[in-house]
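Colleague: Pulled the feature table from TrEMBL, pasting it below:
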type	residues	note
BINDING	A:606, A:612, A:646, A:650	[4Fe-4S] cluster binding site
BINDING	A:650	siroheme binding site
DOMAIN	A:3-270	domain 'FAD/NAD(P)-binding'
DOMAIN	A:392-441	domain 'BFD-like [2Fe-2S]-binding'
DOMAIN	A:525-586	domain 'Nitrite/Sulfite reductase ferredoxin-like'
DOMAIN	A:597-735	domain 'Nitrite/sulphite reductase 4Fe-4S'
Ligand SMILES: Cc1cc2nc3c(=O)[nH]c(=O)nc-3n(C[C@H](O)[C@H](O)[C@H](O)COP(=O)(O)OP(=O)(O)OC[C@H]3O[C@@H](n4cnc5c(N)ncnc54)[C@H](O)[C@@H]3O)c2cc1C
Ligand code: SF4
């Protein structure tokens, strides 16, 4: 009679014993488990806390189970465990153990893991004397644990090392959406953060992070991953994987033919399976083998769909592919991504956060041809045509038929018209994408598209470029557009690429996208000459530098004028003169002023508290710091700023995209101001903040604007069109209502770190310099069409003949 | 009977093909005439007059190259009117036409003929 001895009494062990029994195994089956109870459903563990559910599996008749019995050794030669208990076939089903990072204080009272019923009982006991808890680890189990802490009435934090939550299941975009959902439930998420130490004497009092300070908490739950429990196997000399796990073949056999391993402790084909379904399959294969069969485990699909903290998350197939298609709706909190083969025909996998509806269908298409264009599967809010009586706007009880009828009757052409006629979309706004779709179905072109080459808005293109990591115009237009672009979309894409990657604007293919101003790093004037504006941060300049500008202007015969932004503009330079002029300016320590770019222009300043009798803060230093921080930042339109040293506002900060006015206590930040065509006073975003808070807020404001604004939309128009207006903007940049602040901060940090002066880089590169000629076939020849007269002792362009209009 | 000599095209070398950036123009001075030459994404070459008739400035070689309904174009960098590279017609104002010139590559050199 064969004696089967199973070590461990988790779900895998239970399934093995059950399968053996139901298949009529004639030998004996004995289970040794270290937990003080029989096998139970670990997957449903959390319900033990939340609903007090009974998780115990039914007992299996004929199987002998020893609880509270830990196996400490195997003697393979003698075929015994713990020195005395004999076996013919030994099955290791020891599962895995939570990994607890080696941080000081991890053994304090109040520190827990989340694996067994006993763990949960202990957490519940600790929570009785606690008000706040921290979960270390933002993976699947961490989020589940966090939800349990929240259910126990604790103010709950999640600390996750990766830059986003659930890094194994979702990518960065999905993680951001997930984070926002989790935060909406009142949990606090700290991504990109490690743990320095657990604070406390006997009992935990808090958790110290490297850069976010101490999080006060009396309960800490470690959920930083699991490690296969292979210690017994190691002790017995069985083969184990480099990073743990008991090596098994397709028949679940370890390197000792009498010993099998199944479940989470087994390493099959280099893979550990942390989900219960593959563990069950392994148990069944092992049962078949024990009974003389030849079943084989050949790997398992790791697709998952779950609802964590009320958020649907699904991942299926591969987590990467040659091409991918992304749909992101940060407002509704939906993120979907499909990975497809390089010819865009085969579905490889996908990720859904916030709405896993496509999961069921799409999962079954993994590895086969796509049932429709990827964008139709993900980008459109409804994959199939809605029936006429389907409710479109439930707030106002409007059906699709109502909308179509209104479009026909009133010849409506846009969403605004539909809203006015039907009231659909006027309450919560969530049906607006549907309204657009119905308009399109009715043959109306809703055209948020940039131009004939892209049907996307600038903000949509920004998301596509960012999420997909696109670096060239050619890739973008090949995959998302038509034709070869134009003077509208090319500069937009150039600006997006520059905002995201900060490479030199004349590098490679980028050069062909630029407006002539960016192409020659100077401003085209009416007669074909260019003007030059060196950067003078904050308007502060030494006499030496002022003299250099004067000398350069004199030597090249340039018309010279002081600008409104406290710098000096030099006019009338021919293309071939630009490098020589800039060589002298760069040698004297000047940098490009980006007067030619859709970028930060200047940060004006008044003289401030250093000299002024009224000044309360040092406005000049702040202006210089801000100008140096944001110099070269490419944006949907130009950006202007100013800093005033007191409420008298001599720098006119409130007419700027972002203006700062000093107060007794710190700084007031105003945003969305404009001079120009439609003047607008900037609105007060935050009050009396210190300098680091001010800078962080401006960072986020600018990056959020850059992400979401339309082409050539100044901050003033952008702010007026922003849904929820100034209050919403404040929620987003101050309270991180969209969960994107970490991203915005990181993007600005990357900009600051990678800034380089464009003119210096151009002068250092003979290839880039080659284009600075009037004529390719006569590089030394000046353009004969450019001529000047004089006025008030300076040059003035001659009037050119134009076609009469 | 006398035979008229066949009119002979004169080709003028402009620059090596490799000097032309794809989708970016350059200007050549040929017998006092300013010619804007372009190389598009698919490798085709075009030559048009460099003068922008709307501003009078000689700048079309510095415009953005693209397509409109599949037709290769350049947009004036001054006020953005778009011209067809094949016909010289201003697509925003079809009454306005600028000159176009034959262009070819001989042994790696771009050549333009203005007469
Ligand atoms: C909170 C939570 C939620 C989960 N949710 C899901 C989910 O939604 N979906 C999903 O697919 N999976 C989920 N899982 C994972 C799933 O529970 C595991 O895949 C499954 O439990 C693995 O079963 P196992 O028998 O291999 O290992 P385990 O369940 O770890 O069981 C191993 C048993 O062996 C015992 N043991 C170990 N060493 C010895 C020894 N030397 N002597 C005696 N006994 C020993 C252990 O005490 C343990 O009881 C979840 C897990 C947790 C903790
Ligand atoms: S704003 Fe105030 S500090 Fe600045 S110059 Fe005017 S009065 Fe002086």
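In case you wondered, yes, glycine gets a Cβ from its N, Cα and C as well.
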Colleague: Given the binding-site residues A:606, A:612, A:646, A:650, which one is most crowded in terms of C-beta atoms within 10 angstroms?
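Modeller: The residue with the most neighbouring Cβ atoms within 10 Å is A:606.
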Colleague: Test the contact criterion for the domain 'Nitrite/Sulfite reductase ferredoxin-like' (A:525-586) and the domain 'Nitrite/sulphite reductase 4Fe-4S' (A:597-735): 3 or more CB pairs under 8 Å, pairs 6 or more apart in sequence, then answer yes or no.
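Modeller: They do touch: at least three Cβ pairs between the two stretches lie under 8 Å.
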Colleague: Whose Cβ lies within 8 Å of the mean position of the Cβ atoms of A:606, A:612, A:646, A:650, the [4Fe-4S] cluster site, other than those residues?
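Modeller: Here the nearby residues are A:607, A:608, A:614, A:615, A:619, A:644, A:645, A:648, A:649, A:651.
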Colleague: Averaged over the whole of the domain 'Nitrite/Sulfite reductase ferredoxin-like' (A:525-586), what is the pLDDT?
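Modeller: Averaged over the domain 'Nitrite/Sulfite reductase ferredoxin-like' (A:525-586), the predicted model reaches a pLDDT of 95.
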Colleague: By DSSP, what is the split of the domain 'Nitrite/sulphite reductase 4Fe-4S' (A:597-735) into helix, strand and coil residues?
Modeller: 53 helix, 33 strand, 53 coil
